[in-house]
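Trainee: To start, I am sharing the structure in question, which I have written as structure tokens.
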Amino acid sequence: MTGATVPGVRRVAVVGGNRIPFARSNGPYAHVSNQEMFTAVLDGLVRRFDLAGERLGEVVAGAVLKHSRDFNLVRECVLGSGLAPDTPAHDIQQACGTGLQAVLGVANKIALGQIDAGIAGGVDTTSDAPLALNDDLRRVLLDANRARGVVAKLRQLARLRPRHLVPEQPRNAEPRTGLSMGEHAARTARQWGIGRTEQDELAVASHHNLAAAYDRGFFDDLVTPFLGLTRDHNLRPDTSVAALARLRPVFGHGPDATMTAGNSTPLSDGASAVLLASDDWAASRGLPVLAHLTFSETAAVDHVRPGPDGYQEGLLMAPAYAVPRMLARAGLGLADFDFYEIHEAFAAQVLATLRAWADPDFCRDRLGLDQPLGPIDRTKLNVAGSSLAVGHPFAATGARIVATLAKLLAERGSGRGLISICAAGGQGVTAILER
């Protein structure tokens with residue numbers, strides 16, 4: 001997307017956003033479904049922007065973890081919300097990049113004139129994660145269903161064994177490596193020499209920035225209270241580097257293990273959404289334009305096999321490649337931003353990405369650049385907190401970040417912000433907002 005820079009392509013406005021407070025897994029939302037959470041978010045957006053009965057061009061969202069009955073999850077949420085029932089909707093999924101990809105999908109339709117306004121977002125619950133039938137049990141039941149006659153069916157069912165009754169639980173592991181995202185991040189931390197203290201410092205900054213943003217009322221028009229929560233469940237305003245230093249590593253092995261529950265994002269439940277529109281649509285309804293979405297880029301890396309030179313890329317390092325490609329198309333440098341919103345899946349992953357952009361060898365050998373992208377001004381990084389403090393319901397993170405950054409730009413009056421989100425499968429989604 002290049003918005004205002006291409007003739008005939010309309011600018012895409014971020015009008016506003018809404019989310020519920022994110023909760024730690026098996027906490028306040030333990031018995032709440034994806035549908036209930038995302039419907040609540042839609043209704044909050046409807047109330048905030050007077051959209052009751054409004055037929056929008058489309059609602060696009062998704063969930064990484066969802067039950068088979070939720071094959072049409074987002075459409076069902078629309079039907080249960082205050083939006084007009086003839087508002088079309090569909091689901092998407094790209095792991096942790098889902099929410100931002102939903103934003104890009106709606107934005108592209110607005111830019112091309114196919115729709116005038118739409119909602120994008122995401123939802124996830126690890127508390128209500130689907131349990132699947134054991135594969136052996138599933139095969140027996142399918143064979144019994146295909147068998148003809150009672151005797152034949154009973155013969156198939158006689159193959160059942162007690163071990164077949166153990167359900168399959170979702171695993172936080174990469175299918176091609178068998179390693180969890182945390183173990184992959186631990187490898188990257190070791191590869192880039194990311195220390196424990198700097199990870200803890202980043203985590204503490206995330207909590208303190210989020211707490212300060214809540215205290216000054218920044219989230220008053222971005223967060224709708226839900227089931228008694230008014231702030232994110234994971235927020236620890238009084239945390240400190242000394243407190244985090246007492247935690248034991250949970251990822252990595254041996255004396256080099258540096259990743260703890262304090263500098264890694266917790267499993268979380270929650271939902272978020274943003275309202276996008278053309279400038280004309282927003283103006284006709286007297287709605288604000290917080291910022292415009294101008295550029296985006298999606299990248300992927302091979303985290304499974306080393307390259308010809310033996311270099312093995314990290315699972316969560318795709319944004320390190322996506323951002324320079326996006327900057328090249330935009331004619332911008334890494335320093336040309338007033339805010340940097342880098343999703344904090346793990347403190348180590350954020351720090352490794354920043355280190356890669358400042359590393360001459362990486363930028364030359366991997367990115368094909370004559371010089372490093374350079375360091376960023378860390379005072380501009382995640383200034384209203386990010387995932388280490390907020391939590392990370394996988395598909396809900398993208399819309400949360402877009403809404404947060406758009407409001408930061410609106411408060412500033414002008415400027416530019418960069419979004420970077422890593423995702424499972426060695427993928428990354430990035431975008432630029434401007435005002």
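The backbone N, Cα and C atoms fix where each Cβ goes, glycine too.
What TrEMBL says about a protein is an automatic prediction, not a curated fact.
Sharing the features that TrEMBL gives for it:
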type	residues	note
DOMAIN	12-279	domain 'Thiolase N-terminal'
ACT_SITE	Cys96	active site, acyl-thioester intermediate
DOMAIN	313-435	domain 'Thiolase C-terminal'
ACT_SITE	His392	active site, proton acceptor
ACT_SITE	Cys422	active site, proton acceptor
Trainee: Would you mind listing, in sequence order, the residues at least six apart from His392 (active site, proton acceptor) in the same chain with a Cβ closer than 8 Å to its Cβ?
Mentor: Phe22, Cys96, Thr265, Pro266, Ser268, His343, Glu344, Ala345
Trainee: Including all protein chains displayed, how many Cβ atoms other than that of the residue listed as 'active site, acyl-thioester intermediate' lie within 10 Å of its Cβ?
Mentor: 30
Trainee: Are there any residues at least 6 positions away along the chain from Cys422 (active site, proton acceptor) with a Cβ closer than 8 Å to its Cβ? List them or say none.
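Mentor: Looking at Cβ-Cβ distances below 8 Å from Cys422 (active site, proton acceptor), excluding near sequence neighbours, one finds Cys96, Gly97, Leu315, Leu316, Met317, Ala318, Pro319, His343, Ala345, Gln349, Thr353, Gly428.
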Trainee: Taking only the residues in the domain 'Thiolase C-terminal' (313-435), give me the average pLDDT of this model.
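Mentor: Averaged over the domain 'Thiolase C-terminal' (313-435), per-residue pLDDT gives 98.
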